[in-house]
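Presented below is the structure to which this report refers.
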Amino acid sequence: MLSITILFLLIAEGSSQNYTGNPVICLGHHAVSNGTMVKTLTDDQVEVVTAQELVESQHLSELCPSPLKLVDGQTCDIINAALGSPGCDRLDGAEWDVFIERPTAVDTCYPFDVPDYQSLRSILANNGKFEFIAEEFQWSTVKQNGDSGTCKRGNVNGFFRQLNWLTKSNGDAYPLQNLTKANDGDYARLYIWGVHHPSTDTEQTNLYKNNPGRVTVSTKTSQTSVVPNIGSRPWVRGQSGRISFYWTIVEPGDLIVFNTIGNLIAPRGHYKLNSQKKSTILNTAVPIGSCTSKCHTDRGSISTTKPFQNISRISIGDCPKYVKQGSLKLATGMRNIPEKATRGLFGAIAGFIENGWQGLIDGWYGFRHQNAEGTGTAADLKSTQAAIDQINGKLNRLIEKTSEKYHQIEKEFEQVEGRIQDLEKYVEDTKIDLWSYNAELLVALENQHTIDVTDSEMNKLFERVRRQLRENAEDKGNGCFEIFHQCDNKCIESIRNGTYDHDIYRDEAINNRFQIQGVKLTQGYKDIILWISFSISCFLLVALLLAFILWACQKGNIRCQICI
């Protein structure tokens, strides 16, 4: 094997040293055997040397608790946690960037509903903290701290921790309650209060004496008045009655007035609202792990620098934009034209017009030459750097255009708001369609620019060499120049680095050009002469044939008869 290799090298070296033709220098660009297809403005399939995937399709199987602070509600949703349901006491004072609600969360206290559920859920989630401030309420001649066997803490009957169930006094009285609380602080207060709906009139009078009862809650700018809806309902956790919870925000300088003759579930204080906090909520069954990521979805966290993702449209934090496409590739290299493999030892002397060079690995553009000293290949780093400088930062610019920090959470609506839900889904789908189209257009535009830039740098390099050589060489039309003077490796290097002196070789090149052209026709002139010669020969042959026929007819040797 060693002897065969040495013999091959000797043959290769000898063939180069025995080269007697004119020196040739060719310009080419880097290529690979298998490029990557990208989309441009004008073509859906353009092969480039290198490209970068922009759409993230992989996600972690867990939620990352850093740098965003996550609070796991476990069996408690955010509403039950705010009300103080049994089993949710551990969430008192909790603070979060993202509150994780689990699909398995359950109610553990008296059956209730929230007429404006989504709004209250959003207010609590955005607040980012359960900061409950207890207050003293002076309720007169009523019994406080009502409880229920449905709402046990351990083996003891209880109730929602942050609420006070008012019932008639032991003296069978429930007089009109009218209580005012002023907000003299510097922050907005959130009061959560409720109205009890008994299942029968008997239950109503047993609890509140007055039938019907009434609850009115007012501020300077709003008023909510509720009359209990007495009636039988399906049994839930041993109860057919219900509680409806409402909420009121009291701004600094405002006040809240509670007016009731029965059925009020009174607050024990208020939640401090933080207008500067921008937190949110995520409903998912994915567990919290120990990783690090700024982006969370309902399928898991995403750790990526890509500007787009097609994992989930529900995303929170500093996340890539959701697009429908599974792949968007950004060209980071030039157009790829794979090298032909059937040219022999120096068959790849062909220039960039025919195809690329797979051996040019240290630059995007370069030279190949053949002269009496042999053959060689060298990269042109100046042109390569010029192209790279224009392409570098392209991904960063693309990310800047799409890096708006936002969160998209899944909306929840009551059944009566089905039309609103349909409209919201339509708006979200339209927004995603628009973003997907914009992303595809933006990437195609950048790819078109990349290919145009790399092609332009190739042409600039070609023009630079052509202006240097001028009449000292002939452009072969395929990216190569035939040089009409002796050009050793030092001369070739001067052409590559731009220091070639045309005047030094001018006389020799002119003499050699005239000598060669005096005895040699280019392939184009040969073709013209061959066609002219063929045409004249055909014409003379036809003329001789016609002349012979006419002569034979005159002599009577040929008789022509025309029959009709």
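The chain as shown is numbered from 1 upward.
For all residues, glycine too, the Cβ spot is worked out from N, Cα and C.
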**Request:** Please name the cysteine among CYS64, CYS76, CYS538, CYS553 that Swiss-Prot pairs with CYS291 through a disulfide bond.
**Result:** CYS64
**Prompt:** Of ASN34, ASN178, ASN310, ASN497, which of the glycosylation sites has the most Cβ neighbours inside 10 Å?
**Reply:** ASN310
**Asked** By a simple count, how many Cβ atoms lie within 10 Å of the Cβ of CYS553 (S-palmitoyl cysteine), its own Cβ left out?
**Response** 12
**Asked** Between CYS553 (S-palmitoyl cysteine) and ASN178 (N-linked glycosylation site), what is the CA-CA distance rounded to a whole number of Å?
**Response** 139
**Asked** When the Cα-Cα distance from ASN178 (N-linked glycosylation site) is computed for each of the glycosylation sites ASN34, ASN310, ASN497, which gives the smallest value?
**Response** ASN310
**Request:** Round to the nearest Å and give the CA-to-CA distance linking ASN497 (N-linked glycosylation site) with ASN310 (N-linked glycosylation site).
**Result:** 48
**Message:** As a test of reading the model: what is the averaged pLDDT for the topological domain 'Cytoplasmic' (549-564)?
**Reply:** 67
